[in-house]
Amino acid sequence: MSLKVGVVGGGQLARMMIAPAVELGIEIEVLAEQESMSASLAATQVGDYHDAEVVLSFARDVDVITFDHEHVPQDVLSALVDAGVAVHPGPAALGIAQDKLVMRARLAELGMPQPDWAAVSGTSELQEFLDAHGGRAVVKTPRGGYDGKGVRVISAATEAEDWFAALAEDARGGALLVEELVDFSRELAQQVARRPSGEIAVYPVVETVQREGVCAEVIAPAPHASDRLSSVAGEIGRAIAEGLGVTGMLAVELFETTDERLLINELAMRPHNSGHWSQDGAVTGQFEQHLRAVLDLPLGDTSARAGWSMMVNILGGPRRDSLESRFAAVMTEHPAAKIHTYGKEPRPGRKVGHVTVSGDDLDDVAYQARAAASHFED
Ligand SMILES: Nc1ncnc2c1ncn2[C@@H]1O[C@H](COP(=O)(O)OP(=O)(O)OP(=O)(O)O)[C@@H](O)[C@H]1O
Ligand SMILES: [Mg+2]
């Protein structure tokens, strides 16, 4: 018997599924959007994931279809399910991750802790929300945002006029999401994995640091997290995975408020940047875990291998030369650093790789990880 996973999308998340697939002896095929993408070394097909014909032909001989991103349209997902293809996460769960308004509404039904929010379809509704929330709020486009694109802190409703205008042009119409501006002390993320047959594995809760809306670094586990905080975060992850029927990896982005409450920011139903530390810092990394989960195999141990792990993103990369040209220096100075590169062209602000360091002294781990990552940036 051989097992074959098909991944829709050729980005770095698909790329990082390749190594554990090879280790386990699982076949992995990627449907890439273009030639020479991050996961091109496993790309068996290049094509448009919006096209049901393309995705169906890609899925013909795999055991399960999974994803590098959440953007595959619902009609394509249903076509796969109708054709008898196993799809994990499934269309219903993915539909919730695809639209932040749908997500807020479903999390409310599940009784999950969230910031105050509303769906607003024009500037007067938005202004009402602002007036009720101290004059500042966060507006978000419900679909297609990433790395802080589609997120704006505003203090006047007119600051979202361009987004309302774009909505008016959009055939699907709809509304914008507005949320209270959460006074958080820090951001956390909770990873869990869930198999179709129900088993769930919960990772240690981690701290994430965002700069200009982009994840910059992750500390695992979250420093000075009380047992109560860790168990509440784990329970939130478990309840969402079960309540929404998520299969594969789920990341729950959380705000920890100054009065020690946890509020849900957003969900990702796939391996996520906040879980990259687990590749080197946990017994079972999130990419291996995702493969196990979508194939409905028993889940691996999620414990940390060391007291601390720190993951630092390489943002932008070197301007004049390549990441590889920095290898010798980084490897000489930081032999404990685990270096991951995504095969992407350096460009300002772009995530082109990350570095993880694990150990028992957090100060040293943080110093090594940051210094190693900064060697790759100009
Ligand atoms: N309601 C809020 N209150 C305060 N800060 C917020 C709020 N919503 C978002 N932010 C800040 O903006 C960042 C990006 O928001 P969000 O995660 O919704 O956007 P995204 O572009 O979908 O992110 P990602 O890069 O995770 O895909 C958050 O990590 C947080 O720092
Ligand atoms: Mg986010």
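Heads up, the Cβ atoms here are built off N, Cα and C, so glycines get one too.
Since the structure is predicted, the reported quantities are computational estimates derived from the model, not experimental observations.
The annotation ATP binding site is assigned in TrEMBL to Lys100, Lys140, Glu179, Glu180, Leu181, Val182, Glu187, Asn265, Glu266. Residues or ranges marked as domain 'ATP-grasp' in TrEMBL: 104-295.
Taking the Cβ of Leu181 (ATP binding site) as centre and 10 Å as the limit, one finds 17 other Cβ atoms among all the protein chains shown. Looking at Glu179, Glu266, the binding-site residues in this record, the fewest other C-beta atoms within 10 angstroms of the C-beta turn up around Glu266. With a cut-off of 6 Å between Cβ and the nearest atom of ligand 2, the binding-site residues Lys100, Glu179, Glu187, Glu266 reduce to Glu266. Look at the Cβ of each of the binding-site residues Lys100, Glu187 and count the other Cβ atoms within 10 Å; the largest number goes with Lys100. Across the annotated binding residues for ATP (Lys100, Lys140, Glu179, Glu180, Leu181, Val182, Glu187, Asn265, Glu266), the two most widely spaced Cα atoms sit 18 Å apart. Glu179 (ATP binding site) falls within a strand segment according to DSSP. When secondary structure is read from DSSP and collapsed to three states, Glu266 (ATP binding site) falls in the strand class.
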